[in-house]
């Protein structure tokens, strides 16, 4: 069913048909369809959905839609949604909706759940604790495979995943894991402790979500247990939530490298003041640091006065230097983010950038020399000055572009913030100094 | 076990202990450990591993290590590895190792497998076909749940995943899917056709991997079926491979936006000539397009001659414009890549950027005015000229930064390539024209 058909069916008031068709669809698609309707009609259709589907659809609504629906549904309906939502979805929603909606939701939760919610809301943002869920399958090591499978049959429907089951002792300490695959292919009289894996890879509640994502990618897991400082199992993280984290972390790096303070807000949903705030600070910092570049030019005013033509090549030199530096810093920053480049590789990176910059620098300088000598009519000396400067600038830019993120990493500063926007400013200043020094020297001014 | 302990144990020739400890570890970690040894010792340890583990460890070696091992192992050992590797892992390996190794591997594959391999190697790179695997659980709709579970018990060990099972007819046409969760919680006498989901979401062999990744993220699937043009099930893609794709696609965009032609090679593994090649082309293009900027400056040489101080602000204006434009284009390009911004949103994007740029532009211009008026001693008129130019530049840059990726998307050009590196060049030229026009006008030169 698409938007057009849905609207036609609504016009003809064929709600039974609508319900039947929506039931067959994936909740993600149903949520998207209902978002295209006005909120009253959406609520009307939403109420016809089978309860289980309704909860799943609710979880996939946009924050905006969730907020409006929560304000419209009855307390009884809300209570059902709150009871049936997966815990991590509920936490996500509570973190995004306004305070009055949070209050309405909490009022409709059971007391023990309310306590748990408050505990979860206290985990630092972007920590393992803030993205985990509590609906996992809990087994005991003295169960048989048959008992375990029966346990899953009884409780599995409400679990976020049943494909990895967690074996805990009486104190909730994590003792092992066993996959549903292993359970299904094992003899049913075996004990869980005979088939479980004991060397479990886990994360801590306060680990950063980036660390968690790296563990998932390294091992290809479907789920990962989260334990507290005493090794007690607190929750699990499933791979579907990790895909979002991977995107989020890349987006953050894009933002930082383009001189913005990172935000999770979606572009179209964010308001202009918030967007402006995230941009203006870095622009101010970089603008003021460009004073330095201006100062260099003013110091060489006499030189420029006697050879104004030199000015014409400033943008080309600065831009090429900036581009060359960004290429290097981008590759290195990304390599660090993906765990492919470690601090111990600094020597290799610098050497590599040096060799690359010499190759690239020679090509650019030669092309540039002939281009301006033949077409710009500025004479041999100027062409030569500009081309030598270009070569030196490319080499300096690339080496700095490679080394700066490595230094940042060693100092435990975020390489994307430290190296992204700063490269251009540093390279600008250096390329001007090189340019004017070479010019003074070669042109005898 | 860590590297140090492994090397000690090797020195003491305690191979049985090594084997016992490695067996308990995750194959990913074993592969990393063995990579730290010289290849002869690695092979020695590799041979002590149980066969199943050995194959998994092999799949996680680096390309370099795989190549060396393949050249050292006997044909019989290689045959075992080839037989037991998951199909997608084997294809990955074959795509990366040199031709003589490919030949040696193909010689050790069964004929039917060899044909299949050749077919898979023909799928376009970065297509669904090139990342799928053939080890899925195949059910028939007239099986009972009990029969299905027994089928999984017999064949499940060799499947890439057993958590989603695929129901096909006699012609291999995909009729439905059923999850292992559903099988485990269903009554064992039910027929598969009664519990299977019929509205299956699938991709085609030639779909781009970026499309595939988007489907995974949208629905949170663990696996996705891949069908050919006749709707026959050809293979499946599992979520662990998709996490790599998500990283790869983000890395490609980072590279394109930093003016490089994209490559999948890892930075530390790539040789300098290949890295230089991917960088020099865009640098040349951008360098030559900067001629245009130089031309603008030369046209206004008289103006600069009579007010050399104007030159001092060129870098600041160009950089701020470049930064402001990159901020906008980065957010929009990323939004398009994540599917959050669609071509129909062009109007919204432009309006948003216009409002943001006015807010940001006013702040920057005011701060800049006081900074240069009070500290740079250049007089009111020059300070005013520079600040007005700054404001206009920021507005133009942000609007162009927002609109350029949208135009690229509409023209079906990659927004990251089209908008990333070009922004700076365009903004440079425009900001200079604005600067000199305002200066000529205000300073009466």
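Heads up, the Cβ atoms here are built off N, Cα and C, so glycines get one too.
Heads up, TrEMBL stuff is auto-annotated, nobody curated it.
Database features (TrEMBL):
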DOMAIN    A:196-252  domain 'CBS'
TRANSMEM  A:280-297  transmembrane segment
TRANSMEM  A:354-374  transmembrane segment
TRANSMEM  A:380-404  transmembrane segment
TRANSMEM  A:416-438  transmembrane segment
Legend entry - the transmembrane segment (A:280-297) and the transmembrane segment (A:416-438) contact flag, 3+ Cβ pairs under 8 angstroms: yes
Inset, instruction - For the transmembrane segment (A:380-404), find every same-chain residue at least 6 residues outside the stretch whose CB is under 8 Å from a CB in it, and list them. - result: 307, 309-310, 313, 316-317, 320-322, 324-329, 332, 346, 349-350, 352-354, 356-358, 360-362, 364-366, 368-369, 372-373, 415, 418-419, 422-423, 426-427, 430-431, 434-435, 438-439, 442-443
Legend entry - Average pLDDT across the domain 'CBS' (A:196-252), rounded to a whole number: 93
Inset, instruction - By DSSP assignment, list the helix, strand and coil residue numbers for the domain 'CBS' (A:196-252), in that order. - result: 25 helix, 16 strand, 16 coil
